[in-house]
Structure formats: C-alpha cells, structure tokens
Amino acid sequence: MKITSSAAALALVASAVAAPSPTTQDKPTKRQAGCASAVSLNAQTNVFKQYTLHANNFYRKEIEELAIPNLSDPSLEAAARKVADTGSFVWLDTIANVDRLEPALAEVPCNEILGVVVYDLPGRDCAAKASNGELKVGELNRYKTEFIDRIASILKAHPNTAVALVIEPDSLPNLVTNSDVQACRNSAAGYRDGVAYALKTLNLPNVVQYIDAGHGGWLGWDANLKPGAEELAKAYKAAGSPKQFRGIATNVAGWNAWDLSPGEFSSASDAKYNSCQNERTYVNTFGQRLKAAGMPNHAIVDTGRNGVQGLREEWGNWCNVDGAGFGRPPSADTGLELADAFVWVKPGGESDGTSDSSAVRYDSFCGKPDAFQPSPEAGAWHQEYFEMLLRNSNPSLL
C-alpha cells in the first residue's frame, strides 16, 4: 500500500501485510493447557510481564514440515528450531481460518498468552494488491456475523486462556494517508464501522486489545501524527471505550529499527518532515498524541524481521526486503514504559507477495530492486527467504 506524507511531497512510504497463509489445521499438542479458572486480564497493566507469548503450532508446523526438511544447509536446523520455539501470532485472515483459533487456544498453558491477528475487513488493504482480502466493500455484515462474531464465540468458550489481539493491520492508517486512493475512499466507512465492531465485540475479560497504528515511516510523519491519533481514537470511542483495550501495535510485518540512531532514513532529503526515525521514538511521540486524543497509548512492536537495517532504497519499500534477518525475540524488557513488549507478529518465512509481474495479485513493490526475487504469492512459504532470515538474525540465532 502507498502512504504519503502531506508535508513531504517527495516522500513515498508504503507497507503491506501478507495475505492468508496456506498452513493447514493441526491437532493441539497434548499438554496442560489453559488455567484452572477463568482468566481476567487487567488492561491497565502490561500483561506481557506476567505472560510469555505462546509459540503456536501453526507456525511450528510450517517450520518442522516445510522448512527443516528442505534446508539447503543442515547446520541451520538448530536455529530453525529456535524460531519454532519462539512466540508468534496466529493470523485469522479469512473466514475459513477462524477454524485455527480453537486448536490454538487448546494448546496454550496457563503462564502463556496466545497472540492473534484479526485481519479480514471488507476491501482489505485498499492501497495494495498483494494482500487484498476475500470480502468486498459492502460485505460488512458478513465480516461481523461470519468472522468477528465467530471469533468472539470461540474466545468466550475458552475463558481460561489469555489472548492478545492485534486488530486489523493497515486499515485505519490507510484512511489517514491514502484518502486520494479511490479504493480506500470506498472502504473507509466499512473500515471504521468494522474496527469499532471488532473492538466492542471482542472486549472480553481474557483478552487484551491493540489496534494497528502503522509505523514511524507511515503515521510518524509530522503531518500525520495528529490526524492519525484522532482516527484511531475515534474507533476506540465508537466501540464504547472498551475496558480491555490497551493501545497500539506498530511495525506489524515491517522492517523499521527499534532504536537505531540516527534512523535508517535520517539523511534523506525529506527527513526533516519526520521526527520518528525509529519505532522507539514513534511509540513515544505518537503515544503523546493518542493520550491527547483520549485513547490508551501503550504499544507492542513487531521485531520479527527488523534485525538488519540499511537494506531498503526507500522507506516505503515493504515487500520481501532482501537481506533481512530475524530481530529481537519477544520480550517485555523494552526499556520504554509505553512499549509493553517486542513481539513477532508476522511469521518470518511467509511471503509478502509474488515477484511474478504476470500474476493477478502482483504488486510493483515486490519487483523493486531491494525485494527478494523470485518470491511466491503472499502468505505462501518462502524457503529461501526463511533461510536468509536465519543467517542474518540479529541477535544471532546461529
């Protein structure tokens, strides 16, 4: 998707989130799962200090059944298994993939929290091609009844399991920066209504919610900070200011550094228009705007693939960045009060989009010089890319 700063006409910032993964459903591992009694999360606190992010079996299965048997270098196996044991988020990115939730919940022990991404708005990812969704503009009722209501029903049936939700990556940030894109104008009402409905309906005692807020290279532009905070705050208030709402998720499926200083693009000609040159600064700066707008402002930050910097020709190049590596592992030790945790939201090894220019879902960002080529369709397993992430991991997994 394309994101532009109104203050810097030369700046073109983009991001996108991969489409559904073909991962098949698996039976939960036989282990002690859930707590003996109902979980009640206090969204006024950082729950990641109490719970460890769960390493879900869907991503584990991709690594154990797709990645490890096909490693070009057997010496990478130990590192691959470390990734399989690392907590990451389960993506509910189609109506059919809601079926992933029940077995995922059934495998979570009491001291862990299941990360779940809710990602199926009508007209999803309105400014990109690689990650368009199944629901068309105007199918909001299907989103509510077949997707969100089903998720809520399953979560209610598992009150003894802690869950952290990331709500609809890329949706509201697109409305802030891509109002000139007709598809985004068409999707706007459904995005706002759908996000508010998701927040209200999934406001459950065992759940803590974070809404997607793009990243520092998106809403971090000086001209985007205030309207961005106001857009997110409107959704929060339209949902009735849900008790289980904690704040924002940043850098989802992204590449931005946590605390690199000066930032990766600090020497660019338009850098003076963006004071948020890393995610740490963005969380602090945008957090102040969120507070002023009347919304909770704590954050989780996706560090799954940001281990290497200086790879992108432009800040907006989002697709399968060549040379990338796994980043900091999930941890509540961020050193910043507003940052609850580093988390792995995007499963490293699942493609961002195809580099085949003849494909229906081809996005030109996946054919950029700094994008890994060849690459398969969004969500498909990308073996060569996974191995590169292992080799370039920082801190090293080798």
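For all residues, glycine too, the Cβ spot is worked out from N, Cα and C.
The active site annotation in Swiss-Prot covers ASP125 and is backed by sequence analysis. A simple way to gauge crowding: the CB of ASP125 (active site) has 28 other CB atoms within 10 angstroms, across all the protein chains here.
Mapped onto three states, the DSSP output places ASP170 (active site, proton donor) in coil. Residues or ranges marked as active site, proton donor by Swiss-Prot on the basis of sequence analysis: ASP170.
Residues or ranges marked as substrate binding site in Swiss-Prot: TRP218, TRP318, LYS346, GLU350.
Taken from Swiss-Prot, the feature N-linked glycosylation site applies to ASN70. DSSP gives ASN70 (N-linked glycosylation site) a helix state. Over all protein chains present, the Cβ of ASN70 (N-linked glycosylation site) has 12 other Cβ atoms lying within 10 Å.
The signal peptide annotation in Swiss-Prot covers 1-18.
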Residue among recorded positions ASP125, ASP170, TRP218, LYS346, GLU350 with Cα closest to the Cα of ASN70 (N-linked glycosylation site): GLU350
Cα within 10 Å of ASP170 (active site, proton donor) - qualifying binding-site residues among TRP318, LYS346, GLU350: none
Nearest-integer angstrom distance between the alpha carbons (Cα) of ASP125 (active site) and TRP318 (substrate binding site): 13
Span of TRP218, TRP318, LYS346, GLU350 around substrate - largest C-alpha separation, Å: 23
Cβ neighbour count within 10 Å of GLU350 (substrate binding site): 24
Protein Cβ atoms within 10 Å of TRP318 (substrate binding site), excluding its own: 31
